[in-house]
Amino acid sequence: MSDVQVHQLYIHGRYVEATSGKTFNSINPANGEIIATLQQASEQDIEAAVKSAQQGQKIWAAMTAMERSRILRRAVDILRERNDELARLETLDTGKAYSETSTVDIVTGADVLEYYAGLATAIQGEQVPLRESSFFYTRREPLGVVAGIGAWNYPIQIALWKSAPALAAGNAMIFKPSETTPLTALKLAEIYTEAGLPDGVFNVVQGAGREIGQWLTEHPVIEKISFTGGVETGKKVMASAAGSTLKEVTMELGGKSPLIICEDADLNRAADIAVMANFFSSGQVCTNGTRVFVPKSRLADFEKAVVERVKRIRVGDPMAEDTNFGPLTSFPHMEKVLSFIESGKQQGAKVLIGGGRATEGELAKGAYVLPTVFSDCTDQMAIVQEEIFGPVMSILSYETEEEVIQRANDTTFGLAAGVVTQDISRAHRIIHQIEAGICWINTWGESPAEMPVGGYKQSGVGRENGLTTLGHYTRIKSIQVELGDYQSIF
């Protein structure tokens, strides 16, 4: 234990002792070892973070947009210089394969920051003439202090997705990472400070339990909450935010997304997409296409192609260069996923491959679940209805286009969807009828910085990334100017 580093809170440009006296551990899910101990924030610490953010935000907002842009661009450069170092830490904390974290997590997060750094100077109002002697103009002003609450599956990427538009618009952010994977958010705070961000503009407060999130959502100074996580927690966060000071919210919640394979689809392409849409990041992606709809006439061939590809997945030590599938992010989550797999078996689904925990050799020490494919699934099964957030694919057969559209939409979620077909007219026809916020045709999973992402139904409120998101970190002030005489009716 003496070799385990203790991490403090990051407030006002430096590490500070938490006042709670409580700590919690970060666990390497590949072997169960403690990799860090973290101090837990108290309500007093949240107050200090808010006060710091208020001070820093005034300095930050007073800078020119070009000055803010330059500082954010410097942070991008540092992120890219330290990509491998950050990726190793992300792998230790999350269990994701280093081959993934080194090429995706930091890379795509830095891309989003670079995108918004470029847009910082493009925040504009408008001027509208009313008559010869009068006009009005608008200003887009920062909200002030905002809060981000992150999820455990993409820690640094989510921290960047939330902080980039907020900071570009002139706000300060208090960020709470998931207690399961909190380490890279602290490194991001260091990088922002090194890049020249004024003290207090990005503070990190970590801790286990719901209290920290509640303190943030109910704090009267905080103007907006951006949350990524589960639906039930999201509902509570949204209710708390509305019940305190009517805060603005962005909610990126769960999904149970349909992937529709059409009868004319190239089978190899369809199988490749289905495997990526279910097993990338060990299945821990909110947009995963876990309900795979296949025409009855293609079902047997498709299942064979999928199983062949799953057999090629390299499960192993996430730090090994050839591993492309690591453990789940925590042992409690592993147990949850395994319980869903057992439910699928009990409800009559057929296991084509996988179906349990990986227990061979060193894998037995970690939170490893084998890539699992179920066939003979029905829409009523728990594995088809509920978000599992693990490496579990459910294959469902269908006969007509009308049928598959209806079944694809028969869910409380609406985050993502995909269609694989060689008929582009059919692709658009289907996608336009699917109730989902992020859709892919003949591909899956890419979320470029320029593309807004978010869900329909209970999968979320608002969007992240893209031009539209920047506007939601500002508020519009309208100013009318009268150049002529003023005439009162009194």
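The backbone N, Cα and C atoms fix where each Cβ goes, glycine too.
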Out of E43, E47, E387, which is the one Swiss-Prot records at the NAD(+) site of G150, A151, W152, K176, P177, S178, E179, G230, V231, E232, T233, G254, C286?
E387
In Swiss-Prot, K(+) 1 binding by S26, I27 extends, among D3, D77, D84, D93, to D93
Recorded positions clustered about E179 (NAD(+) binding site) [Cα within 10 Å; pool: S26, K162, L246, E248, E252, G460]:
S26
Anything within 10 Å of E464 (active site, charge relay system)? Look among the binding-site residues W152, P177, T233, C286, K457, comparing CA atoms, and list what you find.
none
I need the most crowded of these binding-site residues: S26, T233. Count other C-beta atoms within 10 angstroms of each C-beta and give me the top one.
S26
Around the Cβ of P177 (NAD(+) binding site), the count of other Cβ atoms that are within 10 Å:
27
Other residues, Cβ within 8 Å of S26, I27, D93 Cβ centroid (K(+) 1 site)
N25, N28, P29, I34, I35, A36, L92, T94, T180, T181, P182, L183
